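What follows is a short report on a single structure.
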Amino acid sequence: MSDHGRMHSTGSEVAAPVAPDPDTEGVHPHFNRRVTSFRARRSTISDGQQATWDRLWPQLGRQARDGDEPPGPLDTDAWFGRHAPVVLEIGCGTGTSTLAMAQAEPGIDVVAVEVYRRGLAQLLSAIDRTAATEHPVSNIRLIRGDGVDVLTHMFGSASLTGVRVFFPDPWPKARHHKRRLLQPDTMALIADRLRPGGVLHAATDHQGYAAHIAEVGDAEPRLRRVAMDSADLPMSVTRPVTKYERKALAGPVVTELLWERTP
């Protein structure tokens, strides 16, 4: 797992696991019915992470689905205990960027969605560590599930100030392009969930996927491409450079793309 959130395949392209997968158990059986953008993974969390999970997950996290039942609408005001702009991050990975950006904007509530329990456990532990600091983080909530499912069922039209999708799996082989997260249907769904003036911020280090994202984003009539340094954006688009990126500075260039929801 990279520290900016991408989880890499280990071995051949993965079929459905033959035994329960502790990292995706309870998440992906339903999604065998449609093409998904995530891969099956096997991973464990430490005893310390498990203890933190047991203590904080009931308050800060929730499972998107209970079996085959679709999730219901999410009341973010009740969950966060306040009314504030909401940003949805799809595929938060280990939460390095999630935490840093939430700390920089305490007035914005961040809902971080991730399929893999290990990544969520790392983010939950990082949030817990801020409790002993001068500025404990209280504006992050976590959902374990599929991002498209969460967008479809848990958020209504014009309910989001922003959507972040950082380093989604590029699925580089042509026969797997249909598995890419940012497809025309997903772009249309994101556009519907953004309020007018809300923004979609995407980042990838795969140039082929960057071109694909740019094409499908520009083709969505309710989204207008804007520059990263545009004034009056409703949320920060200053994304922290992670350890993974620092190690890869001589490698692939990171492409960042930004769209604004039209009135």
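The chain as shown is numbered from 1 upward.
Glycine residues also receive a Cβ, built from the backbone N, Cα and C atoms like all the rest.
Swiss-Prot lists Glu89, Asp146, Asp169 as S-adenosyl-L-methionine-binding residues, and of the candidates Glu69, Glu105, Glu114, Glu134 the one it assigns to that same site is Glu114. Here the binding residues for S-adenosyl-L-methionine are Glu89, Glu114, Asp146, Asp169. Their largest Cα to Cα distance works out to 15 Å. Nearest by CA distance to Asp205 (substrate binding site), out of the binding-site residues Glu89, Glu114, Asp146, Asp169, is Asp169. Working note on the binding-site residues Asp146, Asp169: by count of other C-beta atoms within 10 Å of each C-beta, Asp146 ranks first. Cβ neighbours within 10 Å of Lys243 (substrate binding site), excluding its own Cβ and spanning all shown chains: 11.
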